[in-house]
Every structure is written in C-alpha cells, then in structure tokens.
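Enquirer: Dropping the structure in here first, questions after.
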Amino acid sequence: MEPQRSPLLEVKGNIELKRPLVKVASRLPLPGSRRKRGPDQMEDALEPEKKRTRGLGTTTKIATSRPRAPVLTTVPLTQGQTAAPKVPKKTGPRCSTAVATVLKNQKPGPAVPAQKPGTAAPPMVGGKKPGKRPAWDLKGQLCDLNAELKCCRERTQMLAQENQQLRDQLREAQQQATALGAERRVLEEELVRVRTQAEQGQQELGNLSARVLELEERLGTQEGLVQELQKEQLGLQEERRGLAARLEEQERRLQGSEAALLGSQAEVASLQQKTAAQEALLAERDERLHGLEMERRRLHNQLQELKGNIRVFCRVRPVLPGESTPPPGFLLFPPGPGGPSDPPTRLSLSRSDERRGTLSGAPAPTTRHDFSFDRVFPPGSGQDEVFEEISMLVQSALDGYPVCIFAYGQTGSGKTFTMEGGPGGDTQMEGLIPRALRHLFSVAQELSGQGWTYSFVASYVEIYNETVRDLLATGTRKGQAGECEIRRAGPGSEELTVTNARYVPVSCEKEVEALLHLAHQNRAVARTAQNERSSRSHSVFQLQISGEHTGRGLQCGAPLSLVDLAGSERLDPGLALGPGERERLRETQAINSSLSTLGLVIMALSNKESHVPYRNSKLTYLLQNSLGGSAKMLMFVNISPLEENVSESLNSLRFASKVNQCVIGTAQANRK
C-alpha cells in the first residue's frame, strides 16, 4: 500500500491523470445548528467527472458512501469496445465501493446526470426528504437509518439484477475482450491505483471523522461557553442599559444640581457681601457698644463716687415675737428730702435721762438724738429692698473696683440675717451674700455676649480672738486655726492671701449655698446675755473676681468682701454667766479692739495720714486692699428697736456717724 498523501496532493494527482476527483461532503454543522452527528450519519460522495480517453466517450464514476451501498453507474460504450472484466468489490467497516466498466458494441447513449459537487443524495422516505432530527431524538435517527438501510437493500437487489444482466452481456463481450486486453491491464492498473487512493481517502476520511468528532465535542463545549457568555452578555447589556438610564438620570440631576449650585453660589456671594457688610456693621456696633460699656462704667463709678466711696446705711430690725413693744415715739423715721415718696435718710431716737430727774418726782426729760445716713431702712424693709440699694455697688466689683460691705452692730441687731439671710431656704429671706453672687453671675452672663469672660473664686474665714480660721475647712482640717496666716501672694505683690485656707471656684448659686451652709456650721458662737446664740467672731466672705476681654486684650480684677462683724456691745451687758466668764471677757476685749482699729483705719484714710494702722488688727490687715486706695466701702449699722438696748444702739449710731463723715479719695479700677 502506498503511503498516505494529503488531500491537496491527491487532488493534484487526480487532475494530472484526468481521473475523477473524490470529494467528501463536509461534516461540520451549518451555522445555527447545534446537533452533533456521528460518523454513521455523514455522507461522502464522489462526484463523477466525464473523461475522454483516447477519443472514446468513456466515463468512469467512483462513488463512496458510508451508510449505504455504492450506486453502480452504467455507461454505454461504442461499438467495437469490449467490457472490462468485473473488478472485485472491497467493503470497509462502514462503507462500500463499486467500480464497473461496461463496454458494449453499440452507439453511445445519453450520459447519466451527475450530482452537484459537494452534495450527497439523502435517503428518501415516502418520496420526501426527511428533515433534520435533533441530537436527542435517537429513536427517530434509528428509524431514518432503518429506512435508509431498506432503500440500500432494494438498490442492492436492483444492482444485483443489473449485474446479472451485465454478466450476460459480459459473456457475450468476452470475445471482444482479447483485443482490449492491453487496455484492460492499463485500466486495471489505474483501477488499482484508484483503489489505493480510495483506501487512503477512506483512512483519511476516518481520521477526518475522528477529528470532526473531536472538533464537534470542542464545538459543543465552546457553544456552551458561548451560551454562558451570551447570557452574561445579555445580563451585562441589561445592566449597561440600567446604568445608562441611571447615568442619564444622574446627569439630569447633576445638571439640575449645577444649576442650583450656580444659583446657590450667586446667593452665597450675595450673602457673603451682606455678611461682610453686617460684620462691618457689627464691628462698628461692637466698637460702639464697647465705648458705651466703658462710658457706663465711668458714669457708674462717678455716680458711686457722688454717693460717696464710704457710705453708711442704717437698718432697724423688727420686734420679734416675745419682745416688749417700744413706746410710741421711741424711733422716728422722718421723710426724705423730696418728701414722703423719697426713701428715709434720717433716724431720730428718744431717750429719757434718769439721772436728771427732779426732787418732786416728775418724769425725767426726754432727749432726742438725730442721725443722718445715706439710707435708713425701717423695720418693715425686706431683704430685696436692702439689696436693691447696694446692687449698683456690687456691680462695681465686676468693673474692677474693690468693694467691701460691713454689717456692724450689737449682738442680736440682725447683722448675720442681713448678710446671710434667715434659715429655711426661703428666697425672700436670702441675705446679701447669696443675692450678690446671683447678681454677679447674671451680669457676667450678659457681659459674655460682649466678649467678657469672668471667673469667681470664693473664700470664707473668721477672725476669732485675733486668730484666723477657715470656715470652709472639712475633715481633719477643722479647728486648725493656728495654721492660717495672712501673707502676701508673692514678692512685690499687693494681693493678700490666707495660707492653708480653701479657695473654691464657684459658678452657680448651688455651690454658694453649700459654702454658706458649711461656714455656718463651723463658725464660733456662744450664749450671751444679749442673745441666745451670738457670733463671737468676725466672718469675712471674699470673692475674687477676674475678668478678661480676649478680643481687646483687657483684663480686670477686684475682690468683693462681705463682712459680718462680731457684736459691738460693751463689756458689762455682754458678760456671759457661768464658769466661762473669763473666756467671754477675752472674746469681748478682742472684738472691741478690732472694731476700734477699724474705726482708726477709716479715720486715717479719711485724714490721708501717711501711716494707716492696718496691722493693729487681723481684720483690717486682711481687708487692707478693700478699705483704702481705690476701694468702695459700705457699712450697715444694725440697731435693735427695743428700748432696753438704747445705750448700745446710740453707741453703734455714733460710730456709724463718724464713719459716714469720712471721705476717701477717688476710686481707681484695677485694670491691666
């Protein structure tokens, strides 16, 4: 057997030898068809080609088909030609091949029409060409193959009959075969060569069939992948359409937003211009407001100076239940300079002198003592009315002026009630200390809108027998009075501080109430002949105020001192009974000494003396910065409405009158 040649070389050899070309129908599926076909369903056809040899009209046809037997085509021969001997038939595993050459001594007949190149005659069922069946219809395919097999058998029988006829004709033509022996041998050699080529083509067809199966399998895989990709593509296309719609919507919204942005930008530009104008106007108004605030402070201070940097108020407490009512005319409150509508500023006290009684037993003549102060509060005056009169003075502490307010008087005259208020937590009974701090907190909050920031630090001490005690001490520090000393805050500093004393920052009324409650529990008190519970020490509540205006770089600071002095009674009426007589005597001497020093300091400041005896008393030394220089001072002289206390009341009123006559220089604000 000859070696296998490529189809291209085979076609070239067929053309050179002018032999029929064996053409194999394509086994690849048409576009759009996905049915896989096996090699049993493939048809190969060899298209006949007319060939003229040696001037004879001899045509040879080679047909190859897998599913059915080959069709034998007879060709009429010219007269004088003999039929070639019958070539034995070779059958492959799934195909059959037949070659016949018939020579007749007759005229050439019409040629059998050949099929178109590249086509194969499909089996006919019922005279109609069956349609393509799907790959899964195996039963239908089997029926088609059975029908095709039946047709092939019928054709085989018909060919057998025709072969028999040809054999008869062959026997008749054997006599003519001798002449054509040489030509037969040539044709036999050519037939052998054609068979060899057919076998090679059959082998190549098998290889191509296997290749086609492999390609069909790969094609199926690729088609599945293509289907998945198509589905994915459809999904992506749908997603793309959705994204495109969203993009269009976003673009429309973006265009609307851009239009709105342009409008907003124009509006912002307009607002910025308005804001700039308003800021300029605000700055101008702020400057004007600051100027007005400074002017207010100046006028406020001027008003306080016109009222006097040392002012004295007199307050008469009401008669308490169980006390005897004073006789009519004992205390009189003449109307003010402007008439009954003006608050009273004078006080008239009547006293009968028993030493000037007559021998006839007539009643002693009555002596009237008239006193004039900056303001007089009758027994019916309430706490709110008293604070309203000093609120402007408390305001000066925020403006940077040191302010000191005293409560002076004998035991039981209402000093502690005036400064701290009564028990029970009634707001109407609150004293000057809680009301002053509430007022300061409120005004500081208002001034914060103008750029001012204030801080408040409170301390509360008492001076008992010339020793300083911390009334805010807690725990083991209670009663450790010897550890508290008055010292300078620093080298070269004029500010005084109490060592080991608590300085508590406060910012609300609740904190102040807690401090007052603690101080009230720690204060030294004792029973005297004048009062069941008498304060035996000077209590000093100091509030250090610090203000700052960061925008303008301004700072101010000043202390507000609220002092509840001890009882100012003389020794005899205030002596305590019992084993503690000496202790009460020593307390009274220390109290009177410090009060005398206070009067001397005020007189020295009024006379502008070069030496002011601040250090003669712990009280005046502690209040040094709140008494002289730029300080503003107010003294409440509290007196009793009882006739039995007329002597102590006169002493208190005379002391207050001396203080009221003192004039201190112009106050200066502590500003930086």
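Yeah, the Cβs are placed from backbone N, Cα and C, and that goes for glycine too.
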Enquirer: Given 107-133, 566-592, which one carries TrEMBL's region 'Disordered' label?
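Expert: The listed stretch tagged region 'Disordered' in TrEMBL is 107-133.
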Enquirer: Where DSSP helix means H, G or I and strand means E or B, what are the helix, strand and coil counts for the compositional bias 'Pro residues' (324-343)?
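Expert: Taking the compositional bias 'Pro residues' (324-343) as a whole: 0 helix, 4 strand, 16 coil.
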Enquirer: Out of Gln410, Thr411, Ser413, give me whichever of these binding-site residues has the highest number of other Cβ atoms within 10 Å.
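Expert: Answer returned by the neighbour count: Ser413.
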Enquirer: Cβ distance under 8 Å to Gly414 (ATP binding site), same chain, sequence separation 6 or more: which residues?
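Expert: Expected: Arg315, Arg317, Asn638.
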Enquirer: When a 10 Å sphere is centred on the Cβ of Gly409 (ATP binding site), how many other Cβ atoms does it contain?
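Expert: Summing over all protein chains shown, Gly409 (ATP binding site) has 31 other Cβ atoms within 10 Å.
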